[in-house]
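Inspection log for the structure reproduced underneath, given as C-alpha cells.
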C-alpha cells in the first residue's frame, strides 16, 4: 500500500464497503456522540467521515489531534446505513472505521475557524492565506481560475492563435499608470520596468510577421486597489491580430466569451450576439460606458423639453429622465428610498412624478410642469397609468454618473432586473479627443495609440472633438473586462494625432522611438484586446471582490501580509544596486 494513501477523501463509495484503505488529509471537524468519535477528514478532493470507537488506540490518538492537523489513517470502509446517509457528500454512504493513526503535521491554535465562511477580517485572512485557501469557497475559486485559464488556452489555440511569451524586464513606459521599476546592478543608475502590459511587444510581434498572438500575461501597475482591480499584479488574456478591422477582433473574442461563460457560469445564460453600443449612446441611455444591461430600464435625454423653462431646477441644464413601468403598488417608501440612494451617489435630490389612472402627473415637481411639458413627456417616454418618472439635472458627466447608478438601483427595487444571466456588450465609437474645461486644452480621451476613424484626412479636416477612434470596450454585467483598439500603425498619422493633443514631433519621436522605428519598416494594420482574467473569474465565481479569486493577492495597501512584502534592503544590497534611500519627511 502507498505510504500515504490508497484513495483520496472524495473517492470512496458504497461499492468500496469491506475494503481496507489508507487516507491522508486535514482534520476538518470532530464530533463526540455517545463516546464514539466522528472525524471529517478533508483533502483536495473531498471529505470522508472517520469513526473511532472508545478504548481503541485510534480513538486515543485522534482524540488528541487538533483541528487542521494532517494525519494518515488506516481502516475499513463500512456502510453508514440508509438512515445515516449524508446526501450532501459524494462519500456520504460510507465511513471508515479507523484502526491506525499517524500524525503527519500538528496544527497550532488557529487564528480563525476554517469551516466558517464569513465574519473573518480580510487582513487576518491574507496574513494566513495558506489557511484561508483551505476553505471550501476559496479552494473552489482557485480551482475555477485554473480551469478557466486552461480552457482559454485550449479555445484560443483552436481559434488559430499562437501563444507567445514577451519580456518581463523592459523599459519604463511614459504613458499609463506608474511603473514598478527594477534597478540594474550592471548598469548603475539605470532601471528596468515590469510591464504594465505587453502592449508594445505584441504589436512588434505583428510587425515581425506573426498573425494571431495570445498570452496569459502578467501585468504590473503601481496603482491603488478597487473591488475589481488588484494592486500590483494582475493577469490578462493578451490578444493581437494582423490585417484586421474592428469586427475581425470581435468575432473570436465573442465566441470565446460565450463558450467560456456558458461552460463555467453555473447555469447562467449568456445573451448573444453582443450588442454594439456607441459610447455617446451608452452615456445617454445608461449613464455609463460600462452599462449593466441586466437592468431593463433606460434613461432618456429630455434636455430639449426644458430649454427656456422657468423651472429653475432644470433650466439651462442637461436633463435625463428614467421612466419606470408599473409602480402602482409601490409606496412612498420606494420613492424616498431611491431619493436617498441618489443623494449617496452625489445628487442634491431626486425629482419624480407618477402617472395616475387618468393620465395626470402627481408628485413633488408635478406643479412645475406645463401642459406642454406633460404632453411631450407622455409622448417621448410612452407614459401610461401606473408609471413613474425620475429626473436628474446637471452637467452632462455628473448627471450621467448619478442617473446611471439610479437606473440600476431602480431596476433592482422595481423588479426590472434580470438574474442568472450574463449580458455582454461592446462599447464602440469612443471620442478620440476631449477638452479640459479649465484649461481649454485638447487631449486624448482614451487610447492615444488607436487609429482615428477617417485616418489622416479626419485629423486634418475635422474638429478634433468630432473625431472618433477605432477603440472599443467589452463589458459584462456592468464590469469592463477589457479595452482594445485598432492600432495606429502609420507614423505620419500617429505624429499628427499627437500634434493635435499638444505634443511636438521631437518629443513623440524620442518617447516612442522603438515603435516608430518599427512602424517605418512595413507595419501591417493590426488590432487587439486584453480581457482581464481576474475579472472574468470574479464574474464566474460571483464574487464581489477580485482578491477572492487570486491565490496570493496583495491587500488594499499593496502589501503582502503573509510574506511581509515590501521589505527594506540592507546597506550591502543597496550598495550592490548603487542605490541610496531617501524617505519622505514626516509632516
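Placement of Cβ uses the backbone N, Cα and C atoms for every residue, glycine included.
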Practice prompt. Kindly point out which candidate in 163, 480, 490, 576 is recorded by Swiss-Prot as part of the ATP site with 221, 222, 223, 532, 533, 534, 535.
Written response: 480
Worksheet item: What range among 199-202, 203-206, 207-210, 211-214 does Swiss-Prot record as region 'Aspartate'?
Response: 199-202
Worksheet entry | When distances run from the Cα of residue 480 (ATP binding site) to each of the binding-site residues 221, 446, 487, the nearest one | 446
Response to the item:
DSSP composition of the region 'Aspartate' (199-202), residue counts helix/strand/coil, works out to 4 helix, 0 strand, 0 coil
Response to the item:
Of the binding-site residues 221, 446, 487, the one whose Cα sits nearest to the Cα of residue 533 (ATP binding site) is 221
Discussion item. Restricting to the record's ATP-binding residues (221, 222, 223, 480, 532, 533, 534, 535), give me the longest CA-CA distance in Å as a whole number.
Written reply: 20
Discussion item. Just to confirm my parser: what is the rounded mean pLDDT across the region 'Aspartate' (199-202)?
Written reply: 95
